[in-house]
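Working notes, beginning with the structure itself.
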Amino acid sequence: MYHIISIRDFERDDLDYLLDRAQEFDTGKYRSGMLDDKLVALLFFEPSTRTRMSFATAMARLGGRSISVDSVEASSIVKGETLADTIRVVSSYADAIVLRHPKEGAARLASEFASVPVINAGDGAGQHPSQTLLDLYTIRQSMSVDGIDVGLLGDLRYGRTAHSLALALSLYGVTLHTIAPGGLEMPANIALELRERGMEVVEHPNVEEAIRELDVLYVTRIQRERFPDSASYYNVASSYRITTDLLAGVKERLMILHPLPRAGEIDPEVDCTPYARYFEQAKNGVPIRMALLHEVMK
Amino acid sequence: MTRKDPSGGLVISPIRNGTVIDHITAGEALNVLRILGITGSTPECLSIATNVKSKRMGKKDIVKIENRELRTEEVDRIALLAPQAKINIIRDYQVVEKKGVEIPEILKGVVRCPNPGCITNTNEPVESTFEVLDKGLHCLYCDWLIKDDIANHII
């Protein structure tokens, strides 16, 4: 059975294959009823807009249907049911499970109890492989991923999208530039793992120092829920902001990505520049998730 | 279970049946018992000697457990804390089996994941699972890496 749990489980060829498949779906090279007898269960125990809707959209485009749990409050989790039991039961209803859960390792656990394929749609501060694939896909639409300079800006400690993406980029000979407010630096074990994978990781004290070297700037949101009070959150959150002034002198092909939602990290004026690619990035969630759903249920 | 030796020190007497764990890294005897799940409330008759003089190690700890023969998967856990430990299985005062310890590739239910957000620290019906790497213990659920102070994370 084919589960999609962590970017660590993928070799470069696997990623390239899925990106190629997504491109076929993106360009209409597919039959609309490919999954017309299939049902996917969307189990989202944390808030989500783009990920949940794009999985539902992808399933519908392939002719399949979705059933969903949209919150912990609406599920038997509030009655004390374990995730393991929930997964066992839902396995008997659906042909695949897409899971978002606040605990790290939840998708791995789910794959052990499921009798159908499980796709990780984000587990705590852990992994978010489908987001990483659409990030790679968006980069690949403009340039080869090999050997480029990518900056990760923002919450690199808790931000699962940053962790997943960095691990994937290590397969492409990318130089990684990390820029994080104090206390939100990339965990030492992940930085160590990246270097062990042969990746050059350069730390910068601020985005101004790095931005002119970059081909891709990946901006992430500071997560308010990680801070004990509003004052400390605003103190950190206001420590960086991408503005049009900041973009003077950057590489012509620079692309700014963001997994969204944003909360002030990118000035809306930047949306009108050719560097802003985050809305295209969000749109790419559909062909990527079509490729993943088809792959696990074909 | 002790007798006075001629030099004035105390020596642990031999056991009839059970397991002797010798050459434990000095100071780790109690942690070795923890890793084996042997606590003050378990029925085994235990003898523990710490900081015993050793030609090879300078100082070492020794643990004797009466009427219990440790299984291979149990003794291999000891290698985390005492890689030089030697296991002697005793039957009727004779050593019938002598073996070293090997660090296992996977540790299940031995070490608690220090990551409070890890799914194994919830009420889910799974045991913590770590793969043993040169750089430390890697949680197979949340990818946390325990690099040092392993004894403090033993369940």
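Every residue gets a Cβ built from N, Cα and C, even glycine.
Confidence annotation: the domain 'Aspartate/ornithine carbamoyltransferase carbamoyl-P binding' (A:3-141) carries a mean pLDDT of 93 in the model. Residues or ranges marked as domain 'Aspartate/ornithine carbamoyltransferase carbamoyl-P binding' by TrEMBL: A:3-141.
A:HIS128 (carbamoyl phosphate binding site): 27 other CB atoms within 10 A of its CB, across all protein chains. Secondary structure from DSSP puts A:HIS128 (carbamoyl phosphate binding site) in coil. Residues or ranges marked as carbamoyl phosphate binding site in TrEMBL: A:ARG50, A:THR51, A:ARG100, A:HIS128, A:GLN131, A:LEU260, A:PRO261.
The C-beta environment of A:ARG221 (L-aspartate binding site), restricted to residues of the same chain at least 6 apart in sequence and closer than 8 Å, consists of A:GLY154, A:ASP155, A:GLY159, A:HIS258, A:PRO259, A:PRO261, A:ARG262, A:ALA263, A:GLU265. Annotation comment: TrEMBL describes A:LYS79, A:ARG160, A:ARG221 as L-aspartate binding site.
Here TrEMBL flags A:146-294 as domain 'Aspartate/ornithine carbamoyltransferase Asp/Orn-binding'. Broken down by DSSP into helix, strand and coil, the domain 'Aspartate/ornithine carbamoyltransferase Asp/Orn-binding' (A:146-294) contains 64 helix, 25 strand, 60 coil.
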*For the domain 'Aspartate/ornithine carbamoyltransferase carbamoyl-P binding' (A:3-141), residues assigned helix / strand / coil by DSSP*: 64 helix, 25 strand, 50 coil
*How many Å lie between the Cα of A:GLN131 (carbamoyl phosphate binding site) and the Cα of A:ARG160 (L-aspartate binding site)?*
10
_Top Cα neighbour of A:ARG160 (L-aspartate binding site) in the set of binding-site residues A:THR51, A:ARG100, A:HIS128, A:LEU260_ = A:HIS128
_Let me check the 10 A CB neighbour count of A:LEU260 (carbamoyl phosphate binding site). How many other CB atoms are there?_
18
*Within 10 Å of the Cβ of A:PRO261 (carbamoyl phosphate binding site), how many other Cβ atoms can you find? Include all protein chains, please.*
10
*Determine which residues of this chain, when A:ARG50, A:THR51, A:ARG100, A:HIS128, A:GLN131, A:LEU260, A:PRO261 are set aside, have a Cβ within 8 Å of the centroid of the carbamoyl phosphate site's Cβ atoms, and list them as they appear in the sequence.*
A:SER48, A:THR49, A:ALA121, A:GLY122, A:THR161, A:PRO259, A:GLY285
*Greatest inter-residue Cα distance in Å for the L-aspartate-binding set A:LYS79, A:ARG160, A:ARG221*: 33
*Inter-residue Cα distance where the pair is A:LYS79 (L-aspartate binding site) and A:HIS128 (carbamoyl phosphate binding site), in Å*: 27
